[in-house]
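Taken verbatim from TrEMBL:
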| type | residues | note |
| --- | --- | --- |
| SIGNAL | 1-17 | signal peptide |
| DOMAIN | 53-150 | domain 'Ig-like' |
| DOMAIN | 156-248 | domain 'Ig-like' |
| REGION | 319-371 | region 'Disordered' |
| COMPBIAS | 330-345 | compositional bias 'Polar residues' |
| COMPBIAS | 352-362 | compositional bias 'Polar residues' |
């Protein structure tokens, strides 16, 4: 009996040990293949096991930063394990940081690790325009896995509408509008200068008024009431996050009305003057040509008439010496035909006829004397 009881106890113990070992093996197998239930399936790349490092794809891939300020590029890595995270500059494949160690000699680059969210943040201090470009967050796996982030560096600009010159009439209101563009955040303050003096409503006696409109583009408006000649000069808009912008204001007292309120008027006046000068030049050329033609025509007519008059006298004289009527008539007919041919000369026909008539009278007198 003792022997049988002992054998049964041993068999029962072996069975329990086998079952316990089987359960333990099954649990270990499930732990290898199982995935945690608190993470969505899309975070697990195809073919990768749940305990391998992977990137949080919800992190932004485009970062815009202001020049001169710090730029922050984020990279979240889950299940990093014993792997390391490095930041690489894409344009020259230069290693910037490995872990939290700065690998480059440019100490503006620094990486910090936030354990609660598993984020490796690359900070670029005093960002410059040359820092713009693509940066890669890499995990030291085989093969290497990377996550790209594009950094944009913007330079805010300030512009005053109506520049560089503005013409206003005395007694009117000067309206200067300064627009700040490409600024991720509005400027903390905007100062206005006249020449080198800061403008203030308190010291202006109610003639100055400032107004700021903040939206995608920040606008600062300066109003100067009842403008006087003393308000002429250089005005400057100086925002806290941009370079200075300037305009020159001309307060006029009745002169140059075509240039009022806009700097486009001088250009229009110059264009009108150029057109007027061109037309005047063309008119002078036409008049000069006409005068030259009239002078030449008058000279030709004068020469022809002088030749006709001399021929008549000579012919008459020749006729008197010969004394024959038949020989005296052809010269008179020749003179008349010549005068008819020259009848195109303006204001000369009457003079030519008078000359011919005088020559004929002179010939008749000589006939009478000869008889």
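Using N, Cα and C of the backbone, Cβ positions are placed for all residues, glycine too.
Note that this is a predicted model, so its numbers are computed, not measured.
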DSSP residue counts for the domain 'Ig-like' (156-248), split into helix, strand and coil: 3 helix, 48 strand, 42 coil
Number of helical, extended and coil residues in the domain 'Ig-like' (53-150), per DSSP: 3 helix, 52 strand, 43 coil
PLDDT averaged over every residue in the domain 'Ig-like' (53-150): 94
